[in-house]
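Annotation source TrEMBL lists transmembrane segment at 82-102, 108-129, 150-171, 183-203, 294-313, 450-470, 476-501, 513-531, 551-576, 629-651, 663-693. Sequence annotations record features per position, and here TrEMBL assigns region 'Disordered' to 764-793. If you look up TrEMBL, you'll see 776-793 marked as compositional bias 'Gly residues'.
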Amino acid sequence: MAEGVKDGVAVQSDKAVSAQQVEYVGSEKSDINYVERAATHSSTLSRDERTQIKPPSTARELVTEILAVEDDPSLNPFTFRMWFLGNSISVFAGTITAINTFKPQSVHIHLVFVAAISYIFGTAMAKTLPNKGRIGRILNPGPFNKKEHAAICIMCAAAANTPEAMTVLAVQKLYYNINPSPVVGIFVILSTQMLGYGVAGLLRKTLVYPSKMLYPSNLPTASLLESLHADLPLLAGVSVFCLAHKKNLLVTNVFGGSMANEGLGLLSLSFDWTMISGGGNPLWMPFQTLMNSMAGYLLSIAVYLGLYYSNIWNARSFPFLSPQMFSQKSNSTKYHVYNQTLILNKRFQVENNLLNKHGLPWLSSSEVLAQTVTNIAIMAAMSHMVLWHWEDIKSAFELFTFKQFKALFTPSQWNLKFWKHRSERISREEADAIDPHYGLMQAYDDVPSWWFGLLWVVSAVVGLVTSNLAGSTLPWWAFFVAIGVSTVTLTFFAALTAMFGYSLRVEPLIQMIGAYLLPGHPLANLYFATFGNNSLVQAKLMLKDLKLGQYVHLAPKCTFMMQVVGASIGCLMSYLMMEQITTEKRDILLAIQGTNVWSGQVIQKHNSAAITWGGLASKLYSAGARYQWVSLGFLLGIIVPLPFWLIHRYFPKWRLDYWNTPIILFAMGGLSHGTHSAFFLHYVTGFVSQFYLRRYKTNWFIKYNYILSAGMDGGAQVLNFVLTFTVFGAGGKVVPFPKYWGNNFQKGNYDFCMKDPALGGGGHGKKGGKMPTIPEGGGGGGSSGGGGGGGGE
């Protein structure tokens, strides 16, 4: 019988492989001292036997307490059940994710939901499929195991990622009347996904293997997999203040939040878990991240109200919250959406004569502030990671050293038979920074770096060709600048996500670069931002799933295969759903608020950004222009973390290292549009979990917190799935919720807050006489309703 390691304790097992065994099957360079520490990292008792557990204070302690350090390499993930369920659920996940892109509240497929539903079907297949003879060995080789379960989850996770290129194609179709062929459209989407995957694989050493790269959102899924395989509308928001003051628009702006673009949601109560966890589940989000996010949220309330009621940027002539562009005809009684087609020529370029005739577009003060603080946060994130965490990320920049460039131009050092090259095992010097779970991964062959390099090259060629065929107007050189920017900046933002569980949008930075490289070309800017930003987003998602594969000890080559297959399925389903919805729901997607079932908010925001940045950046955002602080924010962001870092060096007891400026700033921009009634309970839930339970009820926290997180997400997803197909119209018919005292039926906002009369559609009270009608165009909508400023990942 082989020796294994379970929870840091030596045990006897037939199949379990410990970190110590990996030393012999993996590499002569393994660190014996490290293995000894892994084998005794907690105590001589298992987790269940210990009565008192010290609160985990580091990422390394957390992952070794939450997840068992043991593995069984004999388990086979490549079974008929895995391929059947993986492909089937991936089709479902890709379809639902694409549909939700066109919903007023974006709801994403949680991996714990996939884990739960695949476990049910997997175990059912293991019990019902024939298991005898040659056919039986293929269809049902044995019990449904952890490795095939994990492979299904990773495939479905890749399929459930919304491709930004899908929204670009929707913008082309709705606003430019350009509809590329299905083949071109599908390969444009696929190339943007795979570009990110290629880059991510080359940075595994820095962004996946070390224990500091925690990826907190993976813990509920990994914990659930380990556990499974071990031996009403009023719920959306309740505002006491609005119930007391139903005819006060100021109360709506401050305390409302149950519906898209309603208000800031201060002290509102939401009992919808999908909204509470929409910006990142508070049960797994680190306490430091929660507190920084809350600081940004509270600051943003004061600043948003100050800008609006001081009428900065003519704010009171436009909605309090909206991502849309408005014309100079707008006023407080009727909002006029800006008609972009009036300033574009036949080549979709801005015509100065037409622009002078119709004027520049205006933005809501909330949107201007959101863009400004987001841009500050982007550069602050890069500065913050260099100042505070350079030692953790510097290995990613070895490619840019003089030694590497010299080797690149030295033919004698070229590895012409790169496909025969075998990746080196972890070195002795790096052993101390390794994740204990990575020690177990030495039993498997790693994915050669040239696999990722080849994927990147092929994706770049496909993307360059298909974007040209799609009528992007994007020059070839700008295409490579876009993906180059994403490659260089990936390490900073991926490390921030891995260490703090918070993800920043980098699109504004890439969009600004494209705007000044290609002035007056909104469509080209749209594609520039997509190839630059989407490849970075997909790289971060792949890195997160690679870490999940490490936590569940899935062979790296299997993880790679599942990600590529899943992403391909997701691209196909995204394109098909986009085509159908933009054809059948065109008018609704172009309306200011849409309906409570369909909304064009995501499409509208992409289009507005393409026009204002790609077409009018020099006139709107340059120094001296109306919204100059949006661009100046990039310069401010570089220096924002510096005072905190300098003061901490000389006064460490002040604990300024606790304050994460990019998270605070990005959270400030999270209220510009969307539903906001869940922030209060988001932070309360996080405080109870990550502070009280983790510190004072550590045993309960270690044993149940992440399982509870998985259960809450999974249950909410099951209910959302049922409602989507039975009530919300995905099954073909919308079934309205019955009228009763708690849902303000067809009278305005769900939480009884006064609705802005300038938006139309009824509500309590009037402002400025007769209720105006809604002009057709873009407008409102919102992001997912959870807390955290839209940052959890």
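Please read every residue number as a count from 1 along the shown chain.
Backbone N, Cα and C define each Cβ position, glycine as well.
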With Cβ distances under 8 Å as the criterion, find the stretch in 108-129, 450-470, 513-531, 629-651, 663-693 that has the most pairs with the transmembrane segment (82-102). 108-129
Can you name the far-off residues of the same chain, 6+ from the ends of the transmembrane segment (629-651), with a Cβ under 8 Å from a Cβ of it? 368, 371-384, 387-388, 509, 512, 617, 620-623, 657, 659, 661-662, 665
Take a look at 108-129, 450-470, 513-531, 551-576, 663-693 and tell me which one has the most Cβ pairs under 8 Å to the transmembrane segment (150-171). 551-576
Could you tell me what the rest of the chain brings near the transmembrane segment (183-203), counting residues at least six beyond its ends with Cβ under 8 Å? 161, 163-166, 168-169, 396, 399, 447, 449, 451-460, 462-463, 466-467, 469-470, 483, 486-487, 490-491, 494, 530-531, 534-543, 546, 560, 563-564, 567-568, 570-572, 574-575, 579
Please indicate, using numbers and ranges, the residues of the same chain that are 6 or more beyond the transmembrane segment (551-576) and have a C-beta under 8 Å from a C-beta there. 63, 67, 71, 73, 77-78, 86-87, 90-91, 93-95, 97-98, 146-147, 150-152, 154-163, 166, 169, 182, 185-186, 189-190, 193-194, 197, 201, 218-219, 222, 225-226, 437, 440-441, 444-447, 451, 455, 538, 542, 545
